[in-house]
Amino acid sequence: MPTSSKNQPRYKRVLLKLSGEALMGEHDFGIDPKVLDRMALEIGALIGIGVQVGLVIGGGNLFRGAALNAAGLDRVTGDHMGMLATVMNGLAMRDALERSNIRTRVMSAIPMSGIVEHYDRRRAVRDLKEGDVVIFSAGTGNPFFTTDSAACLRGIEIEADAVLKATKVDGVYSADPHLDPTAVKYDHLTYDEVLDKKLGVMDLTAICLARDHGMPLRVFDMNRPGVLTRIVTGEREGTLIE
């Protein structure tokens, strides 16, 4: 549970959700090594102050199922391909973290013997307690579920204090701030307000899952240096949904 002392992090354990697109940097496709290294520094700063970090990464930088689905690709096949993309991203992130001397384990919701370990909740929690970063890949292992839903699910399973969703904007707005200059930023929202206002922060399944299990969500801009440390130590960043 969150701690109250100002000398300690507010959160003991967090689940960080990164979009695959965030790994592209300024490119249109793939993985930017500079972004990986910067993410590793941010995550390493949390480990350094005793925060346990679980990580879920999307796959949109390597595979965009929606476009191929519209062109006739079977939805289930597309989702399976997307799961494989998240595993590739997880392996890349593990490499960056381990180059920064941060012990990291990648677990997959689908068996991939010899490449990554099969997801085991109890093992994951033990690793987190030992100070390892645990990357949860392959989504939930089921088609029709997004990586946002996977992030909320894993966050609930590992009893994280919050799910932190990294985006390209500094919180949740009433409209897309890049398209609407009158868009208003929200500092705090309830789950039901997110659903009623159709703000599109996460998909319906993810929001309902978080609401039903009382999992706080924090939406923030990952491009702001030091943002993760500020969040876990209680500073105001982005939008809190609870």
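The count begins at 1 with the first shown residue.
Just so you know, glycine gets a Cβ as well, placed from its N, Cα and C.
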For the ATP site that Swiss-Prot gives as K17, L18, S19, G20, G60, R64, Y173, D176, the extra residue out of T77, T167 is T167
Considering the UMP binding residues D79, T140, G141, N142, P143, F144, F145, T146, T147 given in Swiss-Prot, which of G59, G90, G131 is annotated for that site as well?
G59
T140 (UMP binding site) to G60 (ATP binding site): how many Å between their Cα atoms?
16
